[in-house]
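**Q** Can you keep this structure in mind? I'll have questions shortly.
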């Protein structure tokens, strides 16, 4: 099907039509986005420069932090810039590209979180075989699988939408291009595509969440036979990961597991998985991990790690 598009650009409603309020919101997003880039960037650089943070856990954490920067960068800079110039507009091609990129990095993050859960399972439940299983080749393969999974998810979410005609209206009640608000602008029957989106996005969010929770229940069951010191260290690492998982997957499930209808609350819910999770990632992982904190202090202090 060849799409006939009378719409060449899309206008975002955003959070508010009051420009004073919008400017305050844009300043808040600017501060949060700056913190996302600096915090996650510091984790990436610290791990790359460190001679101590060499375990697979930190290898995966560096990739997760890099993906968080990319994920947040898909929509935050444009939202901030548009708010200051008072023109919340994006081209149709730009909108579709933003939607594809958002789901690519979001899907990659979801798969990386599952990879990190598997890494913790092997480290805690099979410590004697950990380095043999999680060798350099396996770590590289798991990262490539995460990127590939994110790409397949994004293609599955957006390919059919790229074929739809858009003939008006062109006003989107959101602050970035996502599948639900984009489908509402299409001049065609989107029922079948909506089902595919629920199956793809919703199932990945829900299934991934329950698989991750199940893996941590297995770890908790295994830890009952460990001493208190070992339990505390393992639980501290797992608690950090579970917190990130909850902040990311619960809001995603609320948005993508239901029919493709945009609700006013979607904009607030979306803030959690597009900004809040990337913002809290460095706080959760660094503040609860003595090795990361010490490595950061040495790196910032200009010492050899």
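Every residue number used here counts from 1 along the chain in the order it is shown.
Including glycine, each Cβ sits where the backbone N, Cα and C put it.
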**Q** Of 24-47, 168-191, which span is tagged transmembrane segment by Swiss-Prot?
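**A** The listed stretch tagged transmembrane segment in Swiss-Prot is 24-47.
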**Q** Where Swiss-Prot splits the chain into topological domains, do residue 52 and residue 158 land on the same side of the membrane?
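**A** Going by what Swiss-Prot records, residue 158 is on the opposite face of the membrane from residue 52.
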**Q** Does the transmembrane segment (56-77) come near the transmembrane segment (194-217), with 3+ Cβ pairs under 8 Å (pairs 6 or more apart)?
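**A** Contact between the transmembrane segment (56-77) and the transmembrane segment (194-217): absent.
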**Q** Sort out the residues at least 6 away from either end of the transmembrane segment (99-118), same chain, that have Cβ-Cβ distances under 8 Å to it, and list them.
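**A** Residues 57, 60-61, 63-64, 67-68, 70-71, 74-75, 142-143, 145-147, 149-154, 157-158, 161, 176-179, 182, 201, 204-205, 208, 211-212, 215-216, 241, 244-245, 248-249, 252, 273-274 contact the transmembrane segment (99-118) from elsewhere in the chain.
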**Q** At a threshold of under 8 Å on Cβ distances, which of 24-47, 194-217, 268-287 pairs most often with the transmembrane segment (138-156)?
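**A** By the under-8 Å Cβ criterion, the transmembrane segment (138-156) pairs most with 194-217.
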**Q** If you count, for each of the disulfide-bonded residues 95, 187, the other Cβ atoms lying within 10 Å of its Cβ, which residue has the minimum?
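**A** Lowest Cβ count within 10 Å among the disulfide-bonded residues (95, 187) is 187.
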